[in-house]
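One structure below.
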């Protein structure tokens, strides 16, 4: 407010709730100086505009404002006075009246001028409408009611035979191509330096990554028009506002991408390296004055799914934590983002604001000041304050970013930032990386110091054409940079390095040539992995049928037991997934139709399935053949959906191939024995991923073969498991004297006892159900026999 706000006498202060007011007030408090705080540029601009408005600044009727706008033109159509009132009135009139109603009032004035035989007034009215069409023609493209009223006005002018007036209000000059070009034209980047940028995340420098994130952010920010801000004010949400939705979704996507890129690394040291890299990216974003992306990156690093990783934080240097603390303090919401507002106000030239903060300021200003004053006059000060605030954001779109963007990397980031993970899935991955300490009390997710949830859950509307365009450009970029011999294939190793920048589900592809990936396969991969593609429902839905299970079965969605005697749950006829009735609509896994095979040999399994998808050796992963058989996906995956083995895992491919369980496994170890431990459990050999060769092969075949490491971490919820059917399991069991078993701890024994008790209770309940069923059948049989006897006696 300052001295400028006190100098004006109005029922309500015009700057209340605006961004400049709190900033100036806080600066005056912090300086402890008798001198008043220096007014900001926005305050000075608003003061000058109010001086130019004269008596209208204190409030005026709507008719007076319209008449003042019309009288701004001379007989030749030139502006004879300042056009600031025209700008404010034509841009902000929707706060108090619709555009169609405003044009209707102007049309009524034209009728009155015709009745009074005032051709000069009619001509000025047409000049005013021409100015409206020329400067704000996008309103006539987007508002159907305004277009309809405009046609009525044109018919009125034509009916009176005024050819000159008809030419002035002609709307055919509006060219739709100009509007579309403005929204899609390329950003004028700095072309002074040309360089080739690596598409590998590990090879990307923080400066390159920050520049390309800034490019994407500015590309999205500059598409938000003046009318988009007005729609947000009127509706108080981003519904039916696609440009603002995309900007918000990009910010949320960057925050999730940062979390998943950290969590995608299997060891604390590697996670710390990614964490440090993003801190350097944040520093570069600060230098570029890109506060919106800076908020997204720091918000992702401060998220509780990352901050809880104690082992990872132990490998982060003190200097990095100090920088994180400084960035957190800069973006803190304390004192209404006072630190950010100070830093933002000191920035000049190119800068990207935190959109959420300024939109909240707009809403506060819109709600705090009334539309009309006590005497029924329009509150011009409110229109002026809102106009200055929005115009300041729009003017930032005209400043070119001081960077050079590589289009290949832009396509890569465009796809990799488009995520669809939920908070629960991210927390599952975090706890899988570093499980909770059982001795410590469970931690509830706390609000991080930097929050990016002002519009969480916003996602862009899917567009198949846009998806296909980005995917094709991404594939072209990959083959241009990595297919050096131009044979149409890239190696598996190169592709996995590229996929390290994509923290979405990694699907195993059926290669046309062993160890090589074709253009069609990589295109299918990106299309399948795209989050918008998934939201479009282009995947395969499940074909669930109510099923009666004859043996203990667990839900694939929640890992819970399917209770009941008959029709306990639902089973997909295509892929074999089992779930509760209440979980049927909550399944997030895509249905992958199977090709049934009566018999699959071990040779086929080992040749088709990557070693990273084979089940690890463990207590509850006993090797047996399911009764219902396995099936092979068309892309080469082998998945076992029988009731015998159910598991929920996250597959991470990257620096090392790793399979992490994030949900409870089924407690039943084997259909024939639930109390016996597997012979190899407790040995000194570290459990891992193995390929088990069949005894029907030659004796020279290796029993255990370690799976090769994959350098592409990509967290996603997938369910992959292979099995081998043994003809004679006794041949593999060594005599007891040869086993070197370690003593089991008290916690392990207690856990096993609890597991067995739970299994026993479940079996008791099933036994009771079975007994009741038998009793009911016996009773029915007895009644049937008695009925037959009675019928015979009566006969």
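Glycine is treated like the rest: Cβ placed from N, Cα and C.
Among the ranges 696-737, 738-779, the one that Swiss-Prot lists as coiled coil is 738-779. Note on Swiss-Prot: of 439-489, 490-540, 541-591, the range annotated with the feature zinc finger is 541-591.
For the region 'Ras exchanger motif region' (57-110), the DSSP-based tally of helix, strand and coil residues reads 35 helix, 3 strand, 16 coil. Broken down with DSSP, the domain 'N-terminal Ras-GEF' (53-176) shows 89 helix, 3 strand, 32 coil. Across the zinc finger (541-591), the DSSP tally of helix, strand and coil residues reads 3 helix, 12 strand, 36 coil.
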